[in-house]
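According to TrEMBL, the region 'Disordered' annotation covers 1-39, 510-539. Summarising the annotation, TrEMBL assigns transmembrane segment to 130-147, 153-174, 195-218, 224-241, 311-331, 343-363, 411-434.
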């Protein structure tokens, strides 16, 4: 973890100065920047480099949150909740589509969780307590839904929403750590996003692989009950997280800090470099209509559908996770240096084209090609998830680049909530579409029309690409006034620190030549001592 700043947003701004310190040529951080011989040659070395640069407890938090809670737990939850609404609560596909959207509401108030973790420490810690809180409410929610055999649909929805809130709080807390480290180590920002995607994809692969067998063996409720294990690991990650303790926090000033943080968020959102990408992110997700519940009911229907069993559904979604992992690998090794606009154009176009695979499957054209339903459905899922991941990765990197220093967690959570509101909009529009086309638990004759409408709507975000910056992920997107808001007194204090850290022989320069003398090259040992002294003072 990065050094913990003193309380107050003004003091947090001092962390910005670390952004401009160039890593030493032989350091692991410098090796991670380019394609030179020092770059980690393998995933294991890459993990070790990130653990060394960012501390192992941060990497463990990413694995626990993204890999176990969101990846593995999300894979099990996805299949188990689908079967729970279909077989236990016995609702229609359009209702299940709406319910799945409702359970994501806690993700839309992520700025609240981010604001809390940024400005309101608990027992002197800003991140640890929120991991622990998230884990505890997750355990309670999953125990309720798994142990109650005849839970009313409303209470079941509330329990699943609480479980979703557990994952959301843990997510926003680790996102705050990611955004903070993206400011302190900008050259590692794509690597951290790739780490998140890698852990999520691997965890999802494992979760989906076992989800169908779990549902078949212990039922949907039993499978949901196993999600208490990821919540326990989130509690453990909060306990182990390396974080500087800040005692005697002035809680009476919390209201002022909330107001200051809210004002800074509003200032950032008024900036065209920020609000324009936000509009695109929302519209691109809102126009990507989700009709997955209609497809799921058709997959599993024994009379009018494909009659896929639980084990194959889990296997199919597992292949989707493999496709998602391939998307992460492609982005990390080939695509991460491409401009945001060009990559989003290609991925959005491919996303619309890949949706035609669903149409081929629903119209049974795959059988005319000689491809059985099982194989074609697996190919469809893998390709779709790979392209979705390639589209999602630059949006995550773009979001991390738009976070002003001092409120990283809050603002990153705000950007993610915009994305989640867009996804909710797409989910509810999909539910409405299924309802209008009269797609029910047993009637699927208009499913092809829903697929065509969805694919056409996926092309509409291409007209909004002018809102996305042309720059690549290695560029700084925020204007200088958002990155450097120190007042004159604070700036002067930092400059004084830099001057006092110079070697004694530099103090012999007179006022006229002080600037030139300060720019002279010092011996390597002295220069390293100067930088270490300055960093220690700022920490």
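Cβ atoms are placed via backbone N, Cα and C, with glycine included.
Beyond its flanks by at least six residues, the transmembrane segment (153-174) meets 61-62, 65-66, 69-70, 73-74, 77, 81, 84, 89, 91, 99, 102-107, 110, 113-114, 117, 127, 130-131, 133-135, 137-138, 140-142, 144-145, 224, 227, 231, 234, 238, 409, 412-413, 416 of its own chain at Cβ-Cβ distances under 8 Å. Among 130-147, 195-218, 343-363, 195-218 has the largest number of CB pairs under 8 A with the transmembrane segment (311-331). Residues 43, 47, 50, 59, 62-63, 66-68, 70-76, 78-80, 83, 178, 226, 309-318, 320-322, 324-325, 327-328, 331-332, 389, 392-393, 396 of the same chain sit 6 or more residues outside the transmembrane segment (195-218) yet have a Cβ under 8 Å from a Cβ within it. Proximity of distant same-chain residues to the transmembrane segment (130-147), defined by a Cβ-Cβ separation under 8 Å and at least 6 residues beyond the stretch ends, is recorded for 61, 69, 113, 116-117, 122, 156, 159-160, 162-163, 165-170, 172-173, 221-222, 224-228, 230-239, 241.
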